[in-house]
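Worksheet: one structure, shown below.
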Amino acid sequence: MAEKKGSSGEKTLYCSFCGKSQHEVKKLIAGPSVFVCDECIDLCNEIIRDELPPSTEARGDSSELPTPLEIKTNLDNYVIGQEPAKRTLAVAVYNHYKRLRHQEKAKKDDVELAKSNILLIGPTGSGKTLLAQTLARMLDVPFVMADATTLTEAGYVGEDVENIVLKLLQSCNYEVERAQRGIVYIDEIDKISRKSDNPSITRDVSGEGVQQALLKLIEGTMASVPPQGGRKHPNQDFVQVDTTNILFICGGAFSGLEKVIDNRTQSSGMGFGATVKSKEQRSLTEVFKEVEPEDLIKFGLIPELVGRMPVLATLAELSEDALVQILTEPKNALVKQYSKLLAMEGVDLEIRPSALKAIAKKALARKTGARGLRSILEQSLIDTMFDLPNTSNVDKVVVDESTIDENKPPLLVYREVAKKA
């Protein structure tokens, strides 16, 4: 390194790259017969920063992306059963985020990978929403859940479809880059089906009209989102969000779809030689396994929307055994949650196997799936939880079959109090 000011007989040194003298730069670093100035070093650092990060970043992201097996294993911790749906979701989500990695380092002449949005079909309480929530939590991406029944066409009372993107932005503190890689779950998508499978000649602002509005959003468009929400109006600033890389998962119970599938798969026969099958022979789960895009169109979804959700996963009706597992096995199982609540009062909770089966049977009778389990358990413990804070020496609360079926109060086990001498 040379000083800027030398003695009168000292030779002036120059940068071997830009040609500036030692007096024109702050520092000059000397090598074997070569000199480089601080400005050229800064320029080299900028070039390296511009060229290297994409490839190294892609390698780092790829290693952090969980495999389909890891995604499914994580789903197993929270969602009981639904093996085919979990495998389908795991592959679809893995491919989606792998596609995003590919886009970051792809060249113009590379194969362009299209987005595959997902449609979940299953009875109420079968785990559609929980699957989407668990996926987003595992991948650490912004997640928002929207209700399709609240959406209307632009210009009508209700929510615009852009409000979905606004909620996604709000979930990540308006970080546009993060929001553009998030997951949107649209629930009750079956409730916006058009009223008949013929094109509508009248305005259907909460059915076919909403489906049309969702088309471009799901496929990928530059959405103009009002930062404060509400309706758009002139002279307003908008946040531009590209929805191309947002993964849309739509879900619905599709009540009545089984009739459409039956009409297609079971041709009615006439005459003595005809085979007539009872529709009661097949469960809802078996019927849903045979769903085709044409059935969804017949049900009331417009063909364009069905085409934009190529990944189709059906969820099975939950059996009594599955509901018992849901009560006890997942990480955030209901029994564990209520045990934790009572432990805060210094009391243990015991729910006997017969009571677990009774809860499952009651939920099946209500046809609410896993969603009905909490209300049944809450109802059986509500009076006990009300009294516990004012009751001393309770050691354990025991719930048996009679508590569920006959609404009898749970059994309270008291601690032995040492008698005073």
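Glycine is no exception: its Cβ is also placed from the backbone N, Cα and C atoms.
Feature list (source: Swiss-Prot):
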type	residues	note
BINDING	C15, C18, C37, C40	Zn(2+) binding site
BINDING	P123, T124, G125, S126, G127, K128, T129, L130	ATP binding site
DOMAIN	3-56	domain 'ClpX-type ZB'
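Shown on the structure are the features that Swiss-Prot records.
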{"residue": "C15", "record": "Zn(2+) binding site", "CB count, 10 Å": "21"}
{"residue": "C18", "record": "Zn(2+) binding site", "CB count, 10 Å": "13"}
{"residue": "C40", "record": "Zn(2+) binding site", "CB count, 10 Å": "18"}
{"residue": "T124", "record": "ATP binding site", "CB count, 10 Å": "15"}
{"residue": "G125", "record": "ATP binding site", "CB count, 10 Å": "23"}
{"residue": "S126", "record": "ATP binding site", "CB count, 10 Å": "28"}
{"residue": "G127", "record": "ATP binding site", "CB count, 10 Å": "28"}
{"residue": "K128", "record": "ATP binding site", "CB count, 10 Å": "26"}
{"residue": "T129", "record": "ATP binding site", "CB count, 10 Å": "16"}
{"residue": "L130", "record": "ATP binding site", "CB count, 10 Å": "20"}
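Around the Cβ of C37 (Zn(2+) binding site), 25 further Cβ atoms fall within 10 Å across all displayed protein chains. Taking the C-alpha positions, the distance from G127 (ATP binding site) to C15 (Zn(2+) binding site) comes to 68 Å. Taking a C-beta cut-off of under 8 Å and a sequence gap of six or more, P123 (ATP binding site) has these contacts in its own chain: A253, L284, L315, E317, L318, K367, G369. Comparing C-alpha positions, L130 (ATP binding site) sits nearest to C40 among the binding-site residues C15, C18, C37, C40. Taking the C-alpha atom of G125 (ATP binding site) as reference, the shortest distance to any of the binding-site residues C15, C18, C37, C40 belongs to C40. In three-state terms derived from DSSP, P123 (ATP binding site) belongs to neither a helical nor a strand segment and is classed as coil. Of C15, C18, C37, C40, all annotated as binding-site residues, the residue with the shortest Cα distance to S126 (ATP binding site) is C40. Excluding C15, C18, C37, C40, which define the Zn(2+) site, the same chain contributes S16, F17, G19, K20, V25, L28, F35, V36, D38, E39, I41 within 8 Å (Cβ to the Cβ centroid), listed in sequence order. Cα of T129 (ATP binding site) to Cα of C15 (Zn(2+) binding site): a span of 64 Å. In this structure, the CA atom of K128 (ATP binding site) is 66 Å away from the CA atom of C15 (Zn(2+) binding site).
In three-state terms derived from DSSP, C40 (Zn(2+) binding site) belongs to a helical segment. Separating the Cα atoms of C37 (Zn(2+) binding site) and T124 (ATP binding site) is a whole-number distance of 70 Å. Taking the C-alpha positions, the distance from C40 (Zn(2+) binding site) to T124 (ATP binding site) comes to 65 Å. Distance from the CA of T124 (ATP binding site) to the CA of C18 (Zn(2+) binding site) is 71 Å. Within 8 Å of the centroid of the Cβ atoms of P123, T124, G125, S126, G127, K128, T129, L130, where the record puts ATP, the same chain has further Cβ atoms from G122, G251, L315, G369, A370, R371.
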